[in-house]
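Engineer: Before I ask anything, let me first share the structure, which is written out below as structure tokens.
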Amino acid sequence: MDKKLITGLILAGGRGSRMGNVDKGLQPFRGKPMAQHAIERLLPQVGSVMVNANRNLERWLELAAPVWADETPGFAGPLAGLEAGLRHCVTPWLLAVPCDSPFLPPDLAERLGAAVEQADADLAFAVTREPGMRPQPHPVFCLVKTSRLPVLSRYLAEGGRRMDGWYADLKAVEVLFEDADAFRNINTLDELQVLDASLPPTLANVVSCLSGYDPDALPVRDAQRIIREFVQPVRAVEQVALRAALGRVLARDVISPIDVPAHDNSAMDGFALRGSDLRGDAPVTLRVIGTTYAGNASGLVPAAGECVRIMTGGVMPEGCDSVVPQEFVTQEGDTITLPAGVIRAGDNRRFAGEDLKAGSPALKAGRVVRPPDLGMLASLGIPEVAVQRRLRVAFFSTGDELRSVGEPLGEGCVYDSNRYTIYGMLQRLGVDVIDMGVVRDDPQALEEALRSACENADAIITSGGVSVGAADYTKQIMAKLGDVTFWKIGMRPGRPLAFGRIQSNGRSAFLFGLPGNPVAVMVSFYFFAREALLRLNGADAPLPLLRARSSGAIRKKLGRTEYQRGILAPGADGHPEVRITGSQGSGILRSMSEANCMVVLHDEQGNVAAGDMVDVLVFEGLM
Ligand code: AMP
Ligand code: MG
């Protein structure tokens with residue numbers, strides 16, 4: 001159906017009683033009035049858009065015109081709004097949508113229009129169906145023949161109010177839409193806020209918070225910040241046995257079910273005694289009434305003047321609050337004597353719950369589980385934990401010049417090394433990898449690869465094709481598939497970077513288009529992709545930079561970040577000292593191989609003199 005035949009109608013005439021009697025559609029959502037989202041989605045689908053509202057008409061007029069109030073008195077519901085719209089509609093068709101449907105389908109008019117034409121119907125409305133549920137009609141999303149106004153007016157005049165009641169005698173057809181979320185409406189301010197906070201931001205949202213944003217001269221810090229704000233953790237949790245949690249990200253806080261230690265106990269091998277028996281200025285002699293070992297309570301209850309021999313970890317006997325280490329006492333028969341002042345009351349006793357109280361968090365969500373954490377969880381008797389599902393990352397290389405190992409290397413070709421570097425770096429992050437090989441510089445091949453990656457992975461890493469080069473279609477296709485931005489970052493090596501989120505067939509994935517040069521790939525991966533991937537997987541793990549002394553002078557340009565490959569070792573005085581490896585060209589992968597760290601020289605830093613302190617990123621543990 002020609003869109004000029006349709007007028008869009010935003011139904012915004014409700015009382016808003018569940019929103020505290022405010023105009024729902026004027027409430028801010030994602031930085032603009034909620035109804036504006038619906039208007040913006042509807043506009044491209046129809047000839048023009050009008051609004052039905054009963055209050056704040058001037059404000060509504062700022063969003064769209066004309067604005068019509070109900071003509072049936074008393075807030076008679078959406079049908080009264082529909083009636084007002086039909087009365088003023090000058091096109092043969094009217095498409096109504098509620099003002100609180102910011103996600104309405106982009107093909108709503110097209111599909112409803114096709115359905116009425118095909119069935120020669122008076123009206124078409126949307127239905128959705130969740131798996132295993134009955135179809136749910138959405139009669140407020142309807143395309144109506146304008147000439148059917150009298151039927152509606154009669155229904156209203158007779159007191160009818162049901163949205164799906166007025167067209168009983170008309171020919172109405174249902175149109176099934178797959179995406180139920182597109183019809184989601186928002187009823188309360190709380191819902192609005194929760195939804196607003198839970199929705200992923202757009203790149204434009206994120207970038208708008210940055211002053212002086214210039215994609216062609218973006219400081220490293222700003223790029224990192226944009227990425228950090230844009231990337232939202234994937235919410236998918238699985239329960240795994242304790243050992244399998246090693247290297248995984250905890251999805252929830254682990255709450256200790258017990259006190260650690262479970263009892264007051266001894267920190268020493270010695271004698272448990274009552275502090276009240278100690279005398280500050282004189283030796284004390286006590287009678288030993290028995291022994292208590294770690295692992296079982298003795299049941300012994302010493303009286304005044306008595307003590308119990310106790311081993312480290314032994315449960316403190318009732319009434320005892322101090323332990324004197326055995327090396328401080330002289331023993332004779334069943335008595336011990338301790339000199340004056342060797343201990344004070346309360347010494348060498350560990351309290352129950354001193355390390356960890358029952359009910360308090362032992363480990364926090366977001367933590368990457370390491371060996372001591374496994375031990376700690378075991379010490380709490382916890383057999384399994386909730387961890388984030390492993391992130392799935394697809395990657396491929398782009399370039400007609402690339403050959404894979406095993407293939408002959410033709411004239412002007414190079415072996416694809418990036419895919420191996422990236423494979424290694426991803427493995428070290430503990431994600432599941434999907435290696436998609438080399439993709440030619442061909443629009444169709446690139447689109448297919450990106451779509452397939454998007455449908456099968458949470459994130460996509462590509463290399464090559466994001467710089468200025470005639471044969472590179474990568475940028476074009478990336479931009480076509482979603483919210484992707486292309487940066488020139490103030491850094492060396494690795495200036496170009498593509499970043500964003502793409503969609504394909506209802507799935508989406510974050511995209512990192514790394515540069516092609518082999519060293520630039522690694523630098524961009526560690527300083528941009530790594531933290532984002534970890535964050536996607538629910539972990540908060542910024543890169544640990546250390547300080548070290550530079551053994552030599554380093555030339556450095558102000559106003560950009562430079563990453564130099566270095567070798568870190570103890571200097572003559574034993575303090576860490578770093579020297580730069582030989583050639584630093586961005587294609588020289590050997591410089592990375594020889595290095596054991598990267599020297600990070602920040603934007604505001606100029607030339608480095610020998611002996612100056614610099615930041616380094618140590619590879620050990622990272623790679
Ligand atoms: P591009 O950004 O695609 O122009 O690539 C920049 C440079 O990196 C070119 O010299 C490419 O040949 C090289 N390059 C791109 N991808 C790879 C790769 N996967 N392995 C090795 N070198 C590559
Ligand atoms: Mg290329």
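Glycine too: its Cβ is placed from the backbone N, Cα and C atoms.
Since this is a predicted model, take the numbers as computed values, not measurements.
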Engineer: Kindly point out which candidate in Lys3, Lys4, Lys24 is recorded by TrEMBL as part of the GTP site with Leu11, Ala12, Gly13, Asn52, Asp70, Asp100.
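Structural biologist: Only hit among Lys3, Lys4, Lys24 in TrEMBL's GTP site, alongside Leu11, Ala12, Gly13, Asn52, Asp70, Asp100: Lys24.
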Engineer: Taking the Cβ of Asp70 (GTP binding site) as centre, how many other Cβ atoms lie within 10 Å?
Structural biologist: 20
Engineer: Three states by DSSP: which one describes Asp100 (GTP binding site)?
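Structural biologist: The three-state answer is coil.
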Engineer: Counting across all protein chains shown, how many other Cβ atoms sit within 10 Å of the Cβ of Leu11 (GTP binding site)?
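Structural biologist: Looking across every protein chain shown, the total is 28.
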Engineer: Far apart in sequence but close in space: which same-chain residues, 6 or more away, have a Cβ under 8 Å from Asp100 (GTP binding site)?
Structural biologist: Lys24, Gly25, Met34, Ala35, Ala38, Asn185, Ile186, Asn187
Engineer: If you count Cβ atoms within 10 Å of each one, which of the binding-site residues Ala12, Gly13, Lys24, Asn52 comes out on top?
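Structural biologist: Answer returned by the neighbour count: Ala12.
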Engineer: What does the DSSP secondary structure composition of the domain 'MoaB/Mog' (394-535) look like, as residue counts for helix, strand and coil?
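Structural biologist: DSSP classes over the domain 'MoaB/Mog' (394-535) add up to 51 helix, 50 strand, 41 coil.
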